[in-house]
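Asks: Quick one: structure below, then a few questions.
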Amino acid sequence: MNGTKAGLKVAVVDTRPKVGGNCTHQGTIPSKALRHAVHQVMQYNRNPMFRYVSEQKWLSYSQVRETAQKVIDKQIAMRARFYARNRVDLFFGTAKFIQPHEVQLDLPDGQSEVLTAKDIVIATGSRPYRPPEIDFSHPRIFDSDTILTLNHTPRNIVIYGAGVIGCEYASIFNGLGAKVDLINPGERLLAFMDDEISDALSYHLRGNGVLIRHNESFVSVEGADDHVVLTLESGKRIKCEAFMWANGRTGNTDQLNLDAVELKANGRGQLEVNERYETGVEHIYAAGDVIGWPSLASAAYDQGRSVSGVISENGTYRKINDIPTGIYTIPEISSVGKTERELTAAKVPYEVGKAYFKDTARAQITGEEAGVLKLLFHRETTELLGIHCFGDQAAEILHIGQAIMSQKGEGNSIRYFLEHTFNYPTMAEAYRVAALNGLNRIF
Ligand SMILES: Cc1cc2nc3c(=O)[nH]c(=O)nc-3n(C[C@H](O)[C@H](O)[C@H](O)COP(=O)(O)OP(=O)(O)OC[C@H]3O[C@@H](n4cnc5c(N)ncnc54)[C@H](O)[C@@H]3O)c2cc1C
Ligand SMILES: NC(=O)c1ccc[n+]([C@@H]2O[C@H](COP(=O)([O-])OP(=O)(O)OC[C@H]3O[C@@H](n4cnc5c(N)ncnc54)[C@H](O)[C@@H]3O)[C@@H](O)[C@H]2O)c1
């Protein structure tokens, strides 16, 4: 759309006969819609007020999947309208290069057609990495794509991989009442996050009954008729009704016939690009998950806009940095900027200001009292250096601080939160509380 608005003639190609990409069909949208539905059930079951209405109630995985499908359908319809309104031509078929400026589309009916373009953007995304020794065709063995075909609530599930996907699905199945074992090949959950926030997540998942095992690697995953057995290098054997692999993703480059344009993907199927999304082959660009980090829909949107800005020469181009993280576990996590670990290693004299959700009126009213907002700021200049939030609506709350942190010069100061009046009672008020808490430490 950014390209057509800048005067380019644009065609979009996708294998799937519906727009939206994996983000809409198998990634962000279904997982967030599932998570929201499950969170609502948890709130209903937890809140004593609803016991006047009825006893606790549970929804099945199939029921929450139905609500997710409705959101997916809305997204598809909305995106299809955007393409039509902006006169972006859509082609459905699997694309591969045949010449530097020619792409062949293999169509669902077995026919093929060739598209020619001055510039080409590879935005083929990613898919779950599948170790060859695991039989993903087994009806009880899933990855983050196929978990969306599960049609009952398992009594127990083992999730292997405690990255973002593993932690989010652990929250979803735990919220549905399934017994969840979360197997982490690493040392801690979400190791790239602030330690205190990662500890808070472990504490809350464990408190809700999730069994977390760190530093474990799989030896085998064996599927039987009515169960799956996971064997770990430590000798442990874990039996479950359903097994979900949530460890890593691979860029979708294997079908692109990259040899035809002398491009090469790395071992994870990803393409290397420079700041302007140029691949090294003139006129071929890449953006989104296929270029690897940060592999977020939020970043992919901006990268897509930017790459069309580069091509059209007069469209929007922005170097994308300071990307926030929003992780939709229950409770939610969000962060932007530096962690304490990074600031300590860089010998930056920082201070910490904290506000616990339980001490805010808004959280007491909503009952969402688990959580903390943590501000890291320079003790001399008071500039905000990092924001880390754990708790309900963390992904929204974060953006208030991000707006201040992105100001230039003296505009970026923790004092903003003391010099402006905040609506009361709001979760935004946590910024005022955290700023006071932090500035009180300065002497
Ligand atoms: C379970 C899960 C949850 C997530 N949650 C979040 C979240 O909460 N927030 C967030 O920011 N990000 C999240 N992500 C990441 C986010 O979904 C991705 O970063 C985003 O989808 C990347 O967009 P993309 O356009 O690069 O590629 P994709 O969304 O992967 O789309 C690529 C498209 O290219 C098509 N394609 C591939 N090969 C070809 C070919 N040869 N010819 C034609 N078409 C082809 C595919 O069919 C697909 O439609 C999540 C991901 C997963 C898996
Ligand atoms: N809320 C969100 O922002 C959100 C939610 C879900 C997923 N995502 C995105 O989806 C991606 C996938 O997440 P994940 O949970 O699978 O964890 P991950 O990408 O962190 O990977 C987990 C582990 O698998 C390894 N690995 C990754 N790709 C591999 C490959 N191709 N081959 C072998 N090993 C590989 C990694 O080194 C890591 O140790 C992340 O990049 C994340 O940004 C984001």
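Positions of Cβ are set from backbone N, Cα and C atoms, glycine also.
Note: TrEMBL annotation is automatic and uncurated.
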Asks: Could you look at Gly93, Gly248, Gly251 and say which one TrEMBL places alongside Gly161, Ala162, Gly163, Val164, Ile165, Gly166, Cys167, Glu168 in the NAD(+) site?
Replies: Gly248
Asks: Could you give the maximum C-alpha to C-alpha distance in Å for the residues Lys32, Thr124, Gly125, Ser126, Asp289 that bind FAD per the record?
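Replies: That value is 21 Å for the farthest Cα pair.
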Asks: Compute the C-alpha separation of Ser126 (FAD binding site) from Gly161 (NAD(+) binding site), stating it in Å without decimals.
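Replies: The separation of the Cα atoms works out to 17 Å.
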Asks: Of the binding-site residues Thr124, Ile165, Cys167, Gly248, which ones put their CB under 6 Å from ligand 1?
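Replies: Only Thr124, Ile165 qualify.
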Asks: Going by C-alpha positions, which of the binding-site residues (Gly161, Gly163, Ile165, Cys167, Gly248) is nearest Gly125 (FAD binding site)?
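Replies: Smallest Cα separation from Gly125 (FAD binding site) among Gly161, Gly163, Ile165, Cys167, Gly248: Gly248.
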Asks: Work through the binding-site residues one by one (Gly125, Gly163, Gly248) and point out the residue whose CB has the fewest other CB atoms within 10 angstroms.
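Replies: Selected from the binding-site residues Gly125, Gly163, Gly248 on minimum Cβ neighbours within 10 Å: Gly248.
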Asks: Hey, does DSSP put Ser126 (FAD binding site) in a helix, a strand, or just coil?
Replies: strand
